[in-house]
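Right, one structure below, let's go through it.
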Amino acid sequence: MSVESEMFYIRVPASTANLGPGFDSIGMALGLYLDIQGRYSDRWEVIPLSEELSSFPSDDSNYIVMVAKEVAEYYGKKLRPCRLEISSEIPLARGLGSSASAIVAGIELANIAADLNLSTQEKSRHASIFEGHPDNAAASVMGGLVVGWHSAEVTDVLSFPIEGIKVIAVIPDYELRTEDSRNALPEKLAFKDAIHGSAAANVFLGAVLSGNWPLAGEMMKRDRFHQTYRAHLVPHLPRVEELAKANGAFGTALSGAGPTVLCLVPESAACSVQETLQNEFPDFDVKVLDVDNEGSKPLFLEDEHTKSEWC
Ligand SMILES: Nc1ncnc2c1ncn2[C@@H]1O[C@H](COP(=O)(O)OP(=O)(O)OP(=O)(O)O)[C@@H](O)[C@H]1O
Ligand SMILES: N[C@@H](CCO)C(=O)O
């Protein structure tokens, strides 16, 4: 879409990260969306259409706009001011990649408004730099299950479409900022734990790519990098795991930095897992989600998102 077009639309999916053992390197895009409807204007104006976004700045100090300007500047371009109407289904600070979705929205905004024609690798690189790691960032850009390496010098990410499973997200009624959850992590990890941790991540990935979901689910428990250290921040995790397994889930893990807990389930078990967990945690929001295999994209009105009503 070029700068001459009057209106533009951007859609960015939510994401989960780690999936258990893939700390800071494995992520997956989910069917909850941040949507922007924009048009060029004589000044920056950000209008929140969702209650959760109402506390964010309505001018060019809004994070999405700041990211867009920085990315455009990186390519030596200046952004024309826009009027942006933003709505989001992605809860904030719950481990469902709201910050990554805002970053990716900013990158897509720069891509459209400054006509940058960025590739998905370039978008993933910029998003990973802002976010600090590629798991949520690349998932929101590329869709599917992503695996990535990221450093100050380079970002390499691969994405794989995922079919035939549903994701149950057990979303608590409290926020947990990623920064606070990362502060619970140790400075060092014993060599033996690192070997077991990376082996679990490798086998998880091999199991997913060969469609062996029971083995993938088993590997979700064998993380050595983060879940043990964060357990006190997410006391509901063991009970979710127990009930999900009893109702046919493949596996359960902390979603990103938490506090959401995520279960991978066969489609046939999605409703019973959802109902059981919602009854057990009446104050939490238990959702059945699809994996998003498309990633971020300019959205056209005819693509109107229909919510998954699985159960
Ligand atoms: N649409 C948005 N516009 C502006 N800022 C946002 C937006 N969405 C998220 N943020 C910022 O990101 C913060 C949440 O980021 P944080 O990394 O703590 O959680 P998360 O991204 O939801 O979870 P996780 O990284 O574990 O998946 C919000 O408190 C807010 O500052
Ligand atoms: N991999 C990150 C995801 C949250 O940003 C973490 O677990 O801290």
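Heads up, residue numbers simply count up from 1 along the chain you see.
Cβ coordinates are placed from backbone N, Cα and C, and glycine is handled just like the others.
Where the annotation comes from TrEMBL, it is an automatic prediction and has not been curated.
Per TrEMBL, the feature ATP binding site maps to Pro91, Leu92, Ala93, Arg94, Gly95, Leu96, Gly97, Ser98, Ser99, Ala100, Ser101. The feature domain 'GHMP kinase N-terminal' is assigned by TrEMBL to 62-144. If you look up TrEMBL, you'll see 206-282 marked as domain 'GHMP kinase C-terminal'.
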Task: For the binding-site residues Ser99, Ser101, the one whose C-beta sees the most other C-beta atoms within 10 angstroms - done: Ser101
Open item on the list: Comparing the binding-site residues Pro91, Gly95, Gly97, which residue's C-beta has the most other C-beta atoms within 10 angstroms in this structure?
Closed with: Gly97
Task: Candidates near ligand 1 among the binding-site residues Pro91, Gly95, Gly97, judged by a Cβ under 6 angstroms - done: Gly95, Gly97
- [ ] Provide the three-state DSSP residue tally for the domain 'GHMP kinase N-terminal' (62-144): helix first, then strand, then coil.
- [x] 49 helix, 7 strand, 27 coil
Open item on the list: Sequence gap of 6 or more, Cβ distance under 8 Å: name the residues on the same chain that satisfy this around Ala93 (ATP binding site), in order along the sequence.
Closed with: Glu175, Leu176, Arg177, Thr178
Task: For the ATP site built from Pro91, Leu92, Ala93, Arg94, Gly95, Leu96, Gly97, Ser98, Ser99, Ala100, Ser101, further residues of that chain with CB within 8 A of the site's CB center - done: Ala14, Ile90, Asn136, Gly256
